[in-house]
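These notes are about the structure you will find just below.
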Amino acid sequence: MDGVEGTSDGGVREEASSGTKRGVTRAARSLELGLRVVGMGFSLVAAVMVGVDKDTEVVAITVVTPCLRCTYFVVANAIACFYAAVSLVALSIMSTKKTTQNGLTLALLILDLVMVALLFSANGAAAGVGLIGLHGNSHANWKKVCNVFKTFCRNSTAGFAMSMMGSFVFLWLVLLGTLSLHKKSR
């Protein structure tokens, strides 16, 4: 049969003879695009929540840097958001082509993996700073600041949660890309 055939999961698989992607269902492509939009959204919200928060309080003690801006966290989430937007555009343009895109799928898989590593490292750094802000560090004589800068700590926690969800979305994209390449190789 030349062209389109049904699959056991209810999707539609297009054969290579029709000039389109073999083994990739429309549902899988829609899921990938949807996950990229969700990952972009989570990363954007996380970067904005932490990046624009300017909680200030007058305190009786000298505080050199009351709440670290978590610059690495904001920049990492901004990079992930930008990458998600660019990959959406690339996928949209390439989906109109009638050729197999193993190279594009592999490139996106590698870059998705880089985004997973970047986001999880930024989340780890932000969590460390957040715990010091919440509990302080008696060995370094750092006082806790979340009892004073409550809004900043709440926004940072929400941004951290959004970024973690974005990290897992990009991890899911890595798994989908790996499965897609595996199906194409058979």
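Cβ atoms are placed via backbone N, Cα and C, with glycine included.
The feature domain 'Casparian strip membrane protein' is assigned by TrEMBL to 26-168. Marked as region 'Disordered' by TrEMBL: 1-23. The transmembrane segment annotation in TrEMBL covers 33-52, 72-94, 106-134, 160-181.
Sequence-distant contacts of the transmembrane segment (33-52) (same chain, six or more residues past either end, CB-CB distance under 8 Å): 69-70, 73-74, 77-78, 80-81, 84-85, 87-88, 91-92, 115, 119, 126, 155-156, 158-160, 162-163, 165-166, 169-170, 172-173, 176. Note on the domain 'Casparian strip membrane protein' (26-168): DSSP counts are 104 helix, 2 strand, 37 coil. Cβ atoms under 8 Å from those of the transmembrane segment (72-94) belong to residues 29, 32-33, 36-37, 39-40, 43-44, 46-47, 50-51, 101, 104, 108, 111-112, 115, 118-119, 121-123, 125-126, 159-160, 163, 166, 170 of the same chain, restricted to positions at least 6 beyond its ends.
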